[in-house]
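Below is one structure; the comments refer to it alone.
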Amino acid sequence: MSGFRLLDLVKPFLPLLPEIETPIERVTFDDKVLFTVSLGFVYLLAGLPIYGLPKDFALESNPFLWLTPVFGAEPLTLLELGLLPVVTAGFVFQLLAGLKYISVNLSVRLDRELFQTAQKLLSIVLSIVYTVILLVSGYYPPLASAGAYAFVGLQVAGTGIVFTLLSEIMDKGYGFGSGALAFITLNVATSIVTDVAGLDQVLVAPDTYESRGVLVHLVRNILSSPIASLRTVCTRTHLANLPQVVLALATILVLIYFQNFRVELPIRSTQLRKIYSAYPVRLMFTGSMPILFAYTALFNIHLAGYFVAAVAPAPVATFVTDYVLYYLSPPPSLVGTLVSPIRTVVFGAFVVLSAVWFASVWSLTSGSAGKELAAEFKKQSIALNGKRDASVIKELNKVILTASVTGAALLAVISLVTEYLGGLGKGAAVVIAVGAGFVFLEDFVSEFQQGGTSQFASVLGGAQ
């Protein structure tokens, strides 16, 4: 048993779980476009209502309303859980590996397969656990029988499991970027469009419908009741309102501005004299991952708290609801931010500290620490100008840590500003989507430039 590792517990599941094979040959640019578009289309189709729920049922108070945009979730649809199981499982095992709580060598094929299978297995288990929590806690309306509850649970958990596998297709290199982040970005992009110009009517109360898009609702009602319609699109909380849309668009512009901030390290060739250049370390070195981590922790805390509040004795339920969940959620509006200073400070401190902590250890889990970069520099015959080989790792770690922590803190502050102004998670979702979108765009451009003969490249003017 001396050679036993925690990951070895996953071995019995290797032949049982569906496996997406790593492509043997390089996936062409055209194929990546087709895979990405097709999987995105499947994701959009999954926003169908859950079959078996009463058609006239509407959530009067959704306890997770401000969390769902961050994970591409849609309440009362097959995407009830969004990408939460996939993202949670990924963070758990990346941190366990990076902090050396589990022994894994990702350069070894068996270790890599065990690591990926463990993430997949945990994502499947979490899909089932989250669904059971929603069913047991009274999130859904009363149904006729246990079979009806089971059927609803099967749809929600089954969709979570399906998107665990679809995300793996993207992660294995068949598409552009990360699968979970690609789906979240797609959801945020489509949500902004529908929040502005959505034509469908949504049941917001018994016998009461409103247009999803703020501009559509305003145009439809401005002549009959101009003051009431303007007040509704500015203050409604059950659907997107005008301030939220403006905040989302402003956040995009701010993030694009900060995306170009970087520190340039002077480098030189060790083989050719007088050949100097610069290696850029972006302020957003960790991208939007720290914010996604903070909201992943918050969503899991709220799910656990929601379950405890539903099944625990009244004193415990009251403590969890009125203290833990209350203070770990953002105020619903600017007025709430001003009249609840303790809540504002506690929530803000949690988001900032969790994001900064994650950013400080992310280089250990992503393979971008100074040691790995120094090895890459040496391989390419590159050296930091004015630094000895012995001090290169220390200098790189110093710059990377500073950029990671500063970028994470900045993104956390931007997210908090949108929350305090009544963003209800939409601002944080935009922060994550913009960061993921830049990574997606870089991957797309890189593949486009290396794509060789490509029909899509010909259409885009890139035929060689």
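Glycine residues also receive a Cβ, built from the backbone N, Cα and C atoms like all the rest.
What TrEMBL says about this one:
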{"type": "TRANSMEM", "residues": "33-53", "note": "transmembrane segment"}
{"type": "TRANSMEM", "residues": "81-101", "note": "transmembrane segment"}
{"type": "TRANSMEM", "residues": "121-140", "note": "transmembrane segment"}
{"type": "TRANSMEM", "residues": "146-166", "note": "transmembrane segment"}
{"type": "TRANSMEM", "residues": "173-193", "note": "transmembrane segment"}
{"type": "TRANSMEM", "residues": "239-258", "note": "transmembrane segment"}
{"type": "TRANSMEM", "residues": "279-298", "note": "transmembrane segment"}
{"type": "TRANSMEM", "residues": "304-328", "note": "transmembrane segment"}
{"type": "TRANSMEM", "residues": "340-362", "note": "transmembrane segment"}
{"type": "TRANSMEM", "residues": "399-417", "note": "transmembrane segment"}
{"type": "TRANSMEM", "residues": "424-441", "note": "transmembrane segment"}
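When Cβ distances are compared across the two stretches, the transmembrane segment (81-101) makes no contact with the transmembrane segment (399-417), since fewer than 3 pairs at least 6 residues apart fall below 8 angstroms. With a cut-off of 8 Å on Cβ pairs spaced 6 or more residues apart, the transmembrane segment (424-441) and the transmembrane segment (279-298) reach 3 or more such pairs and are scored as touching. Taking every recorded stretch in 33-53, 121-140, 239-258, 279-298 and counting its Cβ pairs under 8 Å to the transmembrane segment (304-328), the highest total belongs to 121-140. Highest Cβ pair count under 8 Å relative to the transmembrane segment (173-193), across stretches 33-53, 279-298, 399-417: 33-53. If one looks beyond the transmembrane segment (399-417) by at least 6 residues along the same chain, the residues whose Cβ comes under 8 Å of a Cβ in the stretch are 251, 254-255, 258, 263, 265, 281-286, 288, 290-291, 294, 330, 347-348, 351-352, 355-356, 358-360, 362-363, 368-370, 373, 427-428, 431, 435. The recorded stretches the transmembrane segment (33-53) and the transmembrane segment (146-166) share 3+ CB pairs below 8 A when only pairs 6 or more apart in sequence are counted, and are therefore in contact. Sequence-distant contacts of the transmembrane segment (121-140), counting only residues of its own chain at least 6 positions beyond either end whose CB sits under 8 Å from a CB of the stretch, comprise 10, 13, 17, 53, 63, 80-81, 84-86, 88-90, 92-93, 149, 152-153, 156-157, 160-161, 164, 303-304, 306-307, 309-311.
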